[in-house]
Amino acid sequence: MNGAPSSSAGQDKPLLIASWNVAGWEATLRYIKEHYKTLDCFFERHGFDILCLQEVKVTRQKLSAHNAASLGAHSVSGWESFWSCSPKGFNGVTTFARKGLTRHADAAPLGKPVDAEGRCVMTDHGAVVIFNVYVHATGSDTDGSRRAKKLEFLEAVRAKMRAVRAGGRAVCLAGDLNIARRAADGPWQQAFLSRASLRAHGRVELVEGDGEVAGWGDEVSRLRTELGRAFHRRGEGGAAGGYEWCAALEAVLDRAALRDSAVGEALRRVVLSLGESSSSQEAVAWLRSIEADGMVDTFGELRPAAECRFTCWDQYKNMRHVNVGRRIDYIYLDRPLFDEAALRGPPLAEAEDAAGALRAATAGGRWAPAPWTGASVLQEAPMTTHDTQFVPPHSGVIYTPPQASDHVAVSLLLRHGAVPAQTLQLDDDTRSCSFRPQRTIASFFGAAPAAKAARRE
C-alpha cells in the first residue's frame with residue numbers, strides 16, 4: 001500500500017461504505033447546510049469514506065461549471081464525486097469517495113439503452129468495484145412496461161458484475177434495489193402465502209376436524225382457543241417445523257380475527273416464518289441469483305437477529321412513526337472479500353427486536369408525526385434530535401432524519417487496508433462523470449511564472 005487515503009479520523013481506522021436514497025439531492029443538501037453548514041462537516045461527523053447516493057435528480061445542465069460546486073460536486077475538501085444523470089432530471093446516482101480511494105469511474109457501464117436513465121455509476125477502488133444503483137419502482141405499472149424495464153436493468157447489472165468478477169475483481173452492489181428480500185423486509189400483512197405450497201410441505205395434509213392435537217406450539221394453541229376451531233394433522237412425520245403453522249393459517253377464515261392482538265401476533269410469526277416477500281417473484285429470484293453468484297446481503301449476514309430494520313417509509317401516512325416500512329436498500333458484497341474484511345462494528349443503537357427498531361426509527365419518539373394538511377409537513381426538532389443520526393461507524397442502518405429523505409442510509413464497515421490507496425485515472429469515462437473545477441484565465445496565466453521559476457531552480 002502506497003499510503004492511506006485521507007481521513008480526519010486517523011490513518012488506521014476501518015473503512016465505512018454507506019448507501020442512501022436522498023429522494024432529491026438539492027433538498028437534502030439544503031437540509032445538511034441548514035443544520036450542519038457544510039458537506040465536509042456532515043461527512044466527517046458520519047465518518048463516511050465512500051457514500052453512494054440514489055435518486056439524486058440532478059441533470060448534467062445543473063452540474064455545469066456554475067452549479068457543480070454548489071451541489072458538492074467538487075467543493076468538499078478531500079473528496080471526489082462521480083455522477084450518472086438522466087436528461088429529464090429523474091433518478092440519478094452519485095458516488096462520493098475520499099481522494100485516494102478511486103482508480104476509475106464509469107457512468108454508463110451497462111450500455112445503451114439501459115444506461116439512459118442515470119441508474120448506475122460504477123467506481124473502481126482497486127480491491128473492489130462498486131456498483132451504485134437505483135432500481136426501478138413498479139408501483140404504478142399498469143401495462144407491465146416498468147416491470148420489464150426493471151428486469152432488463154437487473155439482468156444488465158448482473159451480467160456486468162459477473163464480467164468484472166471474471167476479471168479477478170471483487171464486486172460490491174450498493175443502492176436502492178426496490179426489492180424486499182424476505183417477508184420480514186416489509187409489512188407482514190402484505191407478504192404472500194401459498195396454501196398449496198404449505199400443504200405440500202413435508203407431504204403433510206392439514207384438514208379441519210375435532211380430534212385431539214399433540215405437539216402444537218403455544219402460538220398455535222392460542223389461535224385454536226381464540227378462534228374456537230380445532231384441527232388435526234394426518235400424514236407422515238412429527239408435529240415439527242411449519243406443519244402447525246399451516247394449520248393455524250387454515251384457521252383464519254375471518255379477517256376480524258386479525259384485530260385480536262394475540263391472534264395478530266401469532267399470525268405475524270406465521271408469516272415471518274413461512275411467508276414470501278411482497279415483491280415480484282422475478283425480482284426476488286434475481287436477488288437469489290446474485291447470491292448464487294457468491295454475493296452476501298451484508299446486513300442480513302451481520303445482523304441476522306435484527307427485526308423490522310426498514311429503510312424506507314411512506315411519510316405522507318406517517319409510517320416511520322409506527323415503523324411500518326420496507327427494507328429495500330442494500331449493500332451486497334462478494335463472499336471472499338466479505339469473509340476477509342467485513343466488520344460488524346459496535347452494536348446497533350437500540351435492541352435488535354421490533355421495539356428497538358421502533359425506537360431507532362423515531363429517535364425514541366422524539367421525531368413528531370406530521371399533521372395532515374393535504375401534504376407531508378415534517379415537524380422541526382431540537383438539534384439534539386437531529387444529532388441522533390451520528391453513531392459510531394458500524395455495519396447496519398444509519399437513521400438519518402425524516403427531513404432529509406424518506407429513506408435512511410445503510411452501511412458496511414470494512415477492516416483497515418481492505419481498500420488500498422489509488423490514483424485516479426482521468427480517462428474519458430472518468431472525466432465524463434466527474435465534475436472538476438475549471439481553471440480561470442487568471443489562474444492559468446498566474447501559474448506560468450511559478451512554473452518557470454520552478455524550472456530555473
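Cβ coordinates come from backbone N, Cα and C, glycine included.
Keep in mind it's a predicted model, so treat the numbers as computed, not measured.
Database features, via TrEMBL:
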- Asn21, Glu55, Asp176, Asn178: Mg(2+) binding site (BINDING)
- 18-351: domain 'Endonuclease/exonuclease/phosphatase' (DOMAIN)
- Asn178: site 'Transition state stabilizer' (SITE)
- Asp329: site 'Important for catalytic activity' (SITE)
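Feature map: annotations from TrEMBL on the structure.
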residue : record                                  : DSSP class
Asn21   : Mg(2+) binding site                     : strand
Glu55   : Mg(2+) binding site                     : coil
Asp176  : Mg(2+) binding site                     : strand
Asp329  : site 'Important for catalytic activity' : strand
Taking the Cβ of Asn178 (Mg(2+) binding site) as reference, which residues of that chain separated by at least 6 in sequence fall under 8 Å from it? Val135, His136, Ala137, Thr138, Lys150, Ser279, Ala283, Ile328
Between Asp176 (Mg(2+) binding site) and Asp329 (site 'Important for catalytic activity'), what C-alpha distance do you get in Å? 4
Cα-to-Cα gap, Asn21 (Mg(2+) binding site) vs Asp329 (site 'Important for catalytic activity'), nearest whole Å: 8
Protein Cβ atoms within 10 Å of Asp329 (site 'Important for catalytic activity'), excluding its own: 24
What does the structure give for the C-alpha distance between Glu55 (Mg(2+) binding site) and Asp329 (site 'Important for catalytic activity')? Integer Å is fine. 12
Cβ atoms near Asn21 (Mg(2+) binding site) (within 10 Å, other residues, all chains): 26
Between the binding-site residues Glu55, Asp176, the one whose Cβ has the fewest other Cβ atoms within 10 Å is Glu55
